[in-house]
Amino acid sequence: MLDILLLRKDPASAIARLETRQKPQPFLNLSAFQALEAERKTLQTRTEELQSRRNQLSRQIGISLGQGDPGSADTARAQVAASKLELAQSAARLEQIQAELQTMLEAVPNLPHDSVPVGADASGNIELRRWGQPASPAFALKDHVDIGRPLGLDLDLGVKLSGARFAVMKGQIARLHRALAQFMLDVQTGEHGYTECYVPYAVNAESLKGTGQLPKFESDLFSTKKGGQDGEPVPDNTALYLIPTSEVPLTNFVRGLVLTEAELPIRLTAHTPCFRSEAGSYGRDTRGMIRQHQFDKVEMVQIVHPATSYQALEEMTGHAEALLQKLGLPYRVMSLCTGDMGFGAAKTYDLEVWLPAQNSYREISSVSNCEAFQARRLQARFKNAQGKNEPVHTLNGSGLAVGRTLVALLENYQQADGSVTIPPALRPYMAGIAALRP
């Protein structure tokens with residue numbers, strides 16, 4: 001959530017930065033916001049006046065009674081009663097206005113950092129660097145579906161069990177999928193300093209509001225809202241949502257906390273399934289495992305001091321790159337433009353891995369600095385050197401998406417005979433097996 005003080009003091013600057021996101025709809029009705037703000041200020045001033053007047057009259061009652069003047073005391077009591085009524089009405093309206101302002105702010109995305117390239121969509125993203133050279137084998141390349149089926153990938157069974165965009169893995173390929181997740185966790189915890197966590201796969205609405213998925217992106221979530229006993233709807237305050245990413249529970253670890261500077265940075269990681277309805281993705285990546293309703297991911301989250309958050313962004317991007325390099329997978333790093341960034345991000349780097357069958361790079365990790373945007377929603381703060389409570393900065397990133405890494409391994413390490421070479425870094429997790437064979 002944006003700092004409301006910025007919108008009060010310099011709304012033109014905030015709107016100008018928001019407009020660089022280049023979306024068709026306005027993010028904030030500025031005139032409505034300013035009208036509510038004007039009423040809030042008037043009511044706040046009047047409320048303070050009424051409180052002061054009530055306190056003054058209450059003192060006067062005591063003085064009048066002490067002086068043996070019950071008539072004056074009765075007059076003061078009547079005035080106190082009238083001021084209490086007006087005070088209650090003012091307080092109720094003030095609470096309503098603050099709720100309306102909160103709702104407005106919850107719909108406004110984060111301000112892009114000044115270093116983010118300006119653009120309308122993915123075509124405006126800027127390539128920063130590449131690593132690795134895509135191979136050019138002499139044999140005809142297959143995609144991960146054709147490679148994976150003889151190795152235990154069963155998409156038809158996924159459809160039978162659950163519907164489109166679900167997959168079943170058996171035998172060798174299931175083992176490789178598990179090995180990838182274990183490898184990623186071991187690197188993140190053993191080399192990069194993250195604390196491994198086991199988290200719930202279903203969270204409450206407050207957790208999703210804290211990280212920014214609710215209320216704006218509810219259509220992309222799976223929930224229990226319509227799954228009550230005997231078909232009765234579940235009230236919103238008791239509904240649970242399947243996590244779209246373990247960023248949600250991990251970042252919510254610090255919801256409502258006031259940390260010390262000594263506790264920062266906090267580095268957390270978790271391997272979880274992720275669940276997304278993929279609303280708006282109809283017709284995209286319908287073949288194979290690129291875009292699934294359920295997929296596994298190892299997530300990185302850092303909670304840091306504001307002064308070090310952009311250093312942490314570079315560090316986390318390097319942590320994701322290290323995994324791809326250990327696996328020998330060619331990739332490139334993209335700086336996302338203003339129009340392609342996520343709702344809560346101030347700056348994002350995407351890592352895109354080379355997929356030979358598509359002859360293109362595809363996203364395998366997204367690493368974002370949300371600055372204080374999530375922290376304000378979460379009321380996650382630390383006590384700074386001046387002794388004041390200040391929002392922390394939060395960052396998150398994939399380290400990595402397990403299914404897409406599996407896809408990249410199958411396609412980049414495929415052999416002419418249909419086998420798939422296991423990269424050396426993974427062999428300890430595969431009991432020394434050097435290749436998967438049909």
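Counting begins at 1 with the first residue displayed.
Cβ coordinates come from backbone N, Cα and C, glycine included.
Over in Swiss-Prot, the protein carries these features:
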BINDING   Thr245, Ser246, Glu247, Glu299, Ser398  L-serine binding site
BINDING   Arg276, Ser277, Glu278, Glu363, Ile364, Ser365, Ser366  ATP binding site
Inter-residue Cα distance where the pair is Thr245 (L-serine binding site) and Ser277 (ATP binding site), in Å: 12
Subset of binding-site residues (Thr245, Ser246, Glu247, Ser398) lying within 10 A of Ser365 (ATP binding site), CA to CA, in sequence order: Ser398
Thr245 (L-serine binding site): nearby binding-site residues from Glu278, Glu363, Ile364, Ser366, Cα cut-off 10 Å: none
Recorded ATP site residues Arg276, Ser277, Glu278, Glu363, Ile364, Ser365, Ser366, farthest C-alpha pair in Å: 19
Which of Ser246, Ser277, Ser365, Ser366, Ser398, all binding-site residues, has a Cβ with the fewest other Cβ atoms inside 10 Å: Ser277
Cβ neighbours of Thr245 (L-serine binding site) where a neighbour is any other Cβ within 10 Å: 22
Glu278 (ATP binding site) and Ser246 (L-serine binding site), distance between Cα atoms, whole Å: 17
